[in-house]
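To start, the structure itself, in C-alpha cells.
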Amino acid sequence: MKLKAMYSFLSDDLAAVEEELERAVQSEYGPLGEAALHLLQAGGKRIRPVFVLLAARFGQYDLERMKHVAVALELIHMASLVHDDVIDDADLRRGRPTIKAKWSNRFAMYTGDYLFARSLERMAELGNPRAHQVLAKTIVEVCRGEIEQIKDKYRFDQPLRTYLRRIRRKTALLIAASCQLGALAAGAPEPIVKRLYWFGHYVGMSFQITDDILDFTGTEEQLGKPAGSDLLQGNVTLPVLYALSDERVKAAIAAVGPETDVAEMAAVISAIKRTDAIERSYALSDRYLDKALHLLDGLPMNEARGLLRDLALYIGKRDY
C-alpha cells in the first residue's frame, strides 16, 4: 500500500497537526522561525506524528491533546536533522539547502536547540509529568546518539553492536516514543502502551537499516542528496560493516577518509554493492520488522492496528 493511501484515514488530523507545526516553529526572533519554517516546508513523511495518532486510537482519542504530542515528536526529529546536517557538513536536505548551508553552522545548532525547547514546551501542554519525562529522556538519548555518530566517524573497526546502539538512540527510540506517548496520552491500558513502545522500537530499527541501505541503492533524485552520502561523510552503516567481512573490498573501504574524493568514493560504493552486504542488511531489517509485526497480534483489533501493520511493512520494504 502506498503511503498516501495509508494516510487517507488520518488526512484531516494530519492537516491539523501540520498547521500546529507551523505555529510551533514561529519565533519572536524572526530568523529562528524563518530557519525552522525553511526545514518544515521541505516536507517529509511525518512518520512520527502518524504513529502518535494511530497509537492514540487504542485509548480515548482526543485530537486537541494528540496534536501536542504529534508536534512535540516531529520537532525532536526536525532538531536532530538540523544537528545531523552540521555534523555531516551536508548542503542538501530533501533536495533543498540545509539550514547550515543557507545560514551557518552556529545558526543551525541554535535552531536545533530551539526546536528541542519548543518540543518540551508543547508536551507540557498535556499536564502529564510522565509523558514529559519520557519526552525529555528521548531527547537525551537522541543527543547521545548524535555524539556517538561524531565519535564513530571513519571507525571501520567498530563492532555491529556499536552501530545497533547508535541507530537505536538516533532513530528507533524516537519512533518507540511516538507510539508510547500517543497511547499514554490517550489513556490506553499499560500493557498496550508497553506493546506499542516495543513495536515502535523494532519498526525504528528496521526503518534506519532500510534508510542506510537506500543510501547505496537509491538515486540522488529519490534521496534528495547524493547517493553514498553517508560513507562520504564518514558514517559507518550496516552495509559497510557487512562489506568489511569481504576481503576483496576490506582494504578499499578501510582506506576511506576525509580526503577521499567523489570519484574514489564512487568506486568503493560500487565495490560494496557487488558484495552480499545489501542482502544481509535487508535480512536483519526483516528480522526487526517480523518482531514488530508479531507484537501487533496482541493488540485489540481495530482499523489503527491494520494501518500500523501497513505502515510497518511500508517502512521496512520501501525502495526510496
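Note that Cβ sites are derived from N, Cα and C of the backbone, with glycine treated the same way.
Per Swiss-Prot, these features apply:
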BINDING   Lys45, Arg48, His77, Arg94  isopentenyl diphosphate binding site
BINDING   Asp84, Asp88  Mg(2+) 2 binding site
BINDING   Asp84, Asp88  Mg(2+) 1 binding site
BINDING   Arg93, Lys170, Thr171, Gln208  all-trans-hexaprenyl diphosphate binding site
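Sequence features annotated in Swiss-Prot and their locations in the structure.
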residue : record                                        : DSSP (3 states)
Lys45   : isopentenyl diphosphate binding site          : coil
His77   : isopentenyl diphosphate binding site          : helix
Asp84   : Mg(2+) 2 binding site                         : helix
Arg93   : all-trans-hexaprenyl diphosphate binding site : strand
Lys170  : all-trans-hexaprenyl diphosphate binding site : helix
Gln208  : all-trans-hexaprenyl diphosphate binding site : helix
**Prompt:** Which has the fewest other Cβ atoms within 10 Å: Lys45, Arg48, His77, Arg93, Lys170, the binding-site residues listed?
**Reply:** Lys45
**Request:** Out of Lys45, Arg48, His77, give those binding-site residues positioned within 10 angstroms of Arg93 (all-trans-hexaprenyl diphosphate binding site), comparing C-alpha atoms, in sequence order.
**Result:** none
**Request:** For Thr171 (all-trans-hexaprenyl diphosphate binding site), find which of the binding-site residues Lys45, His77, Asp84 come within 10 Å, Cα to Cα.
**Result:** His77
**Prompt:** If we check Cα distances from Asp88 (Mg(2+) 2 binding site), which of the binding-site residues Lys45, Arg48, Lys170, Gln208 wins as closest?
**Reply:** Lys170
**Asked** Of all the binding-site residues given, namely Asp84, Lys170, Gln208, which is spatially nearest to Arg94 (isopentenyl diphosphate binding site) at the Cα level?
**Response** Asp84
**Message:** Return only the integer: C-alpha distance in Å from Lys45 (isopentenyl diphosphate binding site) to Lys170 (all-trans-hexaprenyl diphosphate binding site).
**Reply:** 17
**Item:** Cβ neighbours of Arg94 (isopentenyl diphosphate binding site) where a neighbour is any other Cβ within 10 Å
**Value:** 14
**Prompt:** From the centroid of the CB atoms of Lys45, Arg48, His77, Arg94, the recorded isopentenyl diphosphate site, which same-chain residues not already listed sit within 8 A by their CB, in sequence order?
**Reply:** Gly44, Arg46, Ile47, Glu74, Met78, Leu81
